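What follows is a short report on a single structure.
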Amino acid sequence: MRIILLGAPGSGKGTQAQFIMKKYGIPHISTGDMLRTTVNKESVLGKNIQAIIKLGNLVPDQLVIELVKERIIQYDCSKGFLLDGFPRTLTQAYAMEVAGINVDIVLILRIPDKIIINRIVGRMVHEPSGRIYHVTFNPPKQKGKDDITGENLIIRQDDKEDTVRHRLIGYHQQMIPIITYYNNANIRNIRCFTIDANCPISTLNEKIVRILG
């Protein structure tokens, strides 16, 4: 089972990716996680990526493609994988096809921008563990502190409102041709589904299971 999961930041993509990974036993490949890992290594590539992200811009196709190519040739992807947030441009989609990276299903999570902004702004992260909090929806027990370790929480640059709005504009511009591309991909035996994600997590889980079986 080879799946692409697409959706704007804050659409619930990460939560659903974890659900799919556990239920169907395939690895979750997140381009966001790979990029953050590269940034944390403080290499030249990591510093370049960090500068791009701080401006709220998307990382260039070629950089992301190279990271994904290295990941999907690993053994745990031999029986399937879940690509989270990739491809996000036509160049990336074409590069996947040229490289012989075939997928079976594309899931696109759709949710209004206003709701996405409310979800993301106010989000806080415990970087060592990846635990995520929100000042309104999931506040920590102690303000600004991780519940488990008591360590400080941070607000990522890409979770600030101006950055989120800028990213959403870029996301929509990129997604229109991507959606068209995969909706017309029936000749390559790719099934594409757009799912209303403005619903409780359990409801969204059920919608996805009905599609994947």
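All residue numbers here begin at 1 and follow the chain in the order shown.
Glycine residues also receive a Cβ, built from the backbone N, Cα and C atoms like all the rest.
For reference, Swiss-Prot has these:
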- GLY10, SER11, GLY12, LYS13, GLY14, THR15, ARG123, ILE132, TYR133, CYS199: ATP binding site (BINDING)
- THR31, ARG36, ASN57, LEU58, VAL59, GLY85, PHE86, PRO87, ARG88, GLN92, ARG156, ARG167: AMP binding site (BINDING)
- 30-59: region 'NMP' (REGION)
- 122-159: region 'LID' (REGION)
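On the structure: features taken from Swiss-Prot.
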residue	record	Cβ within 10 Å
GLY10	ATP binding site	23
GLY12	ATP binding site	20
GLY14	ATP binding site	20
THR31	AMP binding site	21
ASN57	AMP binding site	13
VAL59	AMP binding site	17
PHE86	AMP binding site	23
ARG88	AMP binding site	19
TYR133	ATP binding site	19
ARG156	AMP binding site	15
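Its Cβ placed at the centre, ARG123 (ATP binding site) has 21 other Cβ atoms within 10 Å. Residue pair TYR133 (ATP binding site) / ARG156 (AMP binding site) shows a Cα separation of 12 Å. Of all the binding-site residues in the record (ASN57, VAL59, PHE86, ARG156), the one with the smallest CA separation from GLY10 (ATP binding site) is ARG156. Across the region 'LID' (122-159), the DSSP tally of helix, strand and coil residues reads 3 helix, 12 strand, 23 coil. DSSP assigns VAL59 (AMP binding site) to coil, not to a helix or a strand. Separation of the C-alpha atoms of THR31 (AMP binding site) and GLY14 (ATP binding site): 11 Å, rounded to the nearest whole number. Taking ASN57, VAL59, PHE86, ARG88, ARG156 as the binding-site residues under consideration, the smallest Cα distance to GLY14 (ATP binding site) is found for PHE86. When the C-alpha distances from GLY12 (ATP binding site) to the binding-site residues ASN57, PHE86, ARG156 are tabulated, the minimum falls on PHE86. Site extent for AMP: among the recorded binding residues THR31, ARG36, ASN57, LEU58, VAL59, GLY85, PHE86, PRO87, ARG88, GLN92, ARG156, ARG167, the largest C-alpha separation is 26 Å.
For the pair ARG88 (AMP binding site) and ARG123 (ATP binding site), the Cα-Cα distance reads 23 Å. The DSSP secondary structure for GLY14 (ATP binding site) is helix. The binding-site residues near ARG123 (ATP binding site), taking a 10 angstroms Cα-Cα threshold over the set ASN57, VAL59, PHE86, amount to none.
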